[in-house]
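These features come from Swiss-Prot:
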BINDING   113, 133, 134, 135, 136, 137, 138  S-adenosyl-L-methionine binding site
């Protein structure tokens, strides 16, 4: 997969190219990340990349010419079929469904804004889609771009050590992930749920699904509103709610 980055701070992406899952993907040749800085396309000796907005107001905008030239260079390197994405608070909010959708593209170009943003005409002429990672403001698009790269890379075959990992991630099926445990079996009096030690794979699957449903109901109930639960899922969620109510009643009685 090819990912081109247009950023004033390409050095920030060493966190992606040199470390962790994405770093291994780059080393294996599964992920090709290249970057272009608008500063390299500035025409003046000061390498100016910002300019005042028409109409006044605080802050500066990224200058059109260096930014467009950097995007064009990235497009030329990517070849036909590259999707150009601008990381923006006004964009579609990134979720697991969106990540899965983006992962079907073999070529992405991520444009990272700075200052107060970019000229609207650049968005109209150069950008295919706008994406956001949340309803808050950051200093630039680099961190959202890294978030997008990390999440999309998990779908590239061979990137994860276990191919089922991406399928079983939180949100992969619209639900939060279930709790996980490793050694020791007992930690400060807290025991690993016995079912996970039983070796009964059918019961383990059932327990994990129940916990996933229950955790979603407790922490992100709005996610359940968009799901058509199977008969088994509805039954397990009802069991979880009953067990949770009993635990709460027991806890309240001890208080």
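Easy rule for this one: first residue shown is 1, then count along the chain.
Every residue, even glycine, has its Cβ placed from backbone N, Cα and C.
Worth saying up front: this structure is predicted, and the values here are computed from it rather than measured.
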When you measure from the Cβ of residue 136 (S-adenosyl-L-methionine binding site), how many other Cβ atoms are you left with inside 10 Å?
7
Counting other Cβ atoms within 10 Å of each residue's Cβ, which of the binding-site residues 113, 134 comes out lowest?
134
How far apart, in Å, are the two Cα atoms that lie farthest from each other among 113, 133, 134, 135, 136, 137, 138, the residues recorded as binding S-adenosyl-L-methionine?
16
Please determine which of the binding-site residues listed here (133, 137, 138) has the lowest count of neighbouring CB atoms within 10 Å.
137
Count the Cβ atoms, other than its own, that fall within 10 Å of the Cβ of residue 135 (S-adenosyl-L-methionine binding site), considering every protein chain shown.
7
